[in-house]
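What TrEMBL records for B:6-26, B:57-75, B:87-108, B:142-161, B:173-196, B:202-222, B:229-251, B:257-280 is transmembrane segment.
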Amino acid sequence: MNPITANNITVAYHRKPVLQSVSFEAPEGKLIGIIGPNGAGKSTLLKSILGLVPKASGDVNIYGKTYRKQRQIVGYVPQRGSVDWDFPTSALDVVLMGRYRQIGLFRRPKKNDVKEAMSCLEKVGMEQYANRQISQLSGGQQQRVFLARALAQNAHIYFMDEPFIGVDAATEKAIVQLLSELREQGKTVIVVHHDLQTVKDYFDWVMLLNVRKIAFGPTNETFTSDLLQKTYGGKLTFLDQKEEEGVPFA
Amino acid sequence: MTYTFWILLTASLVGISCGIVGVLLILRKMAMLSDAISHTVLLGIISSYLITNSLDGFYMFIGAAIVGVLTTVFVQLLNSAGVQSDAAIGVVFTFLFAIGVILVSMFARDVHIDVEHSIMGEIAFIPWMTVDWFGIEGIPQAVWMLGFVLIIDLFLILLLYKEFKLSSFDPGLAAALGLPVGLLHYVLMGMTSITAVASFDAVGAILVVAMLIAPGATAYLLTERLHMMFILSAVFGVIAAVTGYFIAAWLNASIAGMMATMAGVLFLLAFIFSPTHGIIAKRFSQRKIQQVDIET
């Protein structure tokens, strides 16, 4: 059974559609990138699957059941910029938040949960920062804490919203490493991505999105200049020029 | 029990309950919404008086909590219909407050809830307004009410500590994990409403906002841990209330005004001298960075 089956998702803000009739079936155990221009609805697609924005129409199934019934097998990494990093809390505490569902309403985290959270921090190479206040971490370190939190959710499917934005080279490497480990464990990872240069290296499958789904399939079949042109429109010629000049267009 | 003891106990209870609720309001960036609620609860108080024809604290609580939550519901309705959130808050709270003022002036002129009292508060009268509840005599009604509110606030914060923490820090993940984010919001609004109404007698509608926001904002500058922020906020609330009372008594000035002023003074001190967030510390670390730049 497919980890994610989306039928005809439409999302509108103030009657203006930001996603229109998007349907897809994600294969299991793949790293899947979602790319498209700004305002293409990439983040909105993730949020609509997770029930964080209301859908005008359409439905989503996670392994054949609604998301509500499958929350415990879905992990989520929001955009780093979506939270206040001055919040008075530590890195370890943020990772523990990933276990709040398992811990249950009204209950406190136990030793076991703290141990689990620590091992997730270790997996992203952040164990020595466990007690650091989160505002004292660099952007890349903050992103790694977010990833550790998603690992603490111990999910089968992961949704990550722009995890590579504003991170240093070491963190980028750590994230790529982590993604391939998750794939080895048979997990499905869906990543909103913006850097076209790295798509071929990072993702097995790719979705080209611009309000509508332009294409979805294995990267070598889908990530073609033809389809990219269709997704990005005129903007791509500008990107091509930059590429010829040797300037990365991150 | 002496007159001063009751005043200080009342002031401290105001400081603690406003302080701990204020922490959540600040972290959720809802300071202005608490301003709105602290005003609109007047409508709740007068409505419950007109319906039950009594000044019983219990009915006042219910009325205040309902109107407080209604305030946030209306704000959200306008907001989702496309009105900017600060404009929505401004329209809703002045409208509901104005209805409250009109009702007070029409039907309740001669009872204890006059407009000036509601807005300014009068802690000096509190020790004389005692009630005999549960067979215990001589305890001021304000102390009873504040005591109950503090227990409710503490209980809810302890019970829902991690839920409040996650939904304040990252509402997106909280919703994705299935935490009752909307319910938590309304629980906090209810807490804010009953805390505001219980603090009314002591400090009034305008200055209760100072007690709700200033101690928490001060604590925010001084700690990096959430539980410590709650403790510090409560401590600063008590310090502001108690020192405010004594300075007001010494200068023969408005007690509520002086309490709010002291809350502001504490914030100013933290703003200047905080080792992590203070402007002196920031200057110093900037100069350090510049020096390193010059040296290298």
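Yeah, the Cβs are placed from backbone N, Cα and C, and that goes for glycine too.
What TrEMBL says about a protein is an automatic prediction, not a curated fact.
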(message) Using Cβ distances below 8 Å and needing 3 or more such pairs, separated by at least 6 in sequence, tell me whether the transmembrane segment (B:6-26) contacts the transmembrane segment (B:173-196).
(response) yes
(message) Is it the case that the transmembrane segment (B:173-196) and the transmembrane segment (B:229-251) touch, counting contact as three or more CB pairs under 8 Å in which the residues of each pair are 6 or more positions apart?
(response) no
(request) Quickly jot the same-chain residues contacting the transmembrane segment (B:142-161) by Cβ under 8 Å, restricted to those at least six beyond its ends, or write none. (result) 6, 9-10, 13-14, 16-17, 20-21, 24, 57, 61, 126, 129, 131, 133, 184, 187, 191, 194-195, 197-199, 201-202, 230
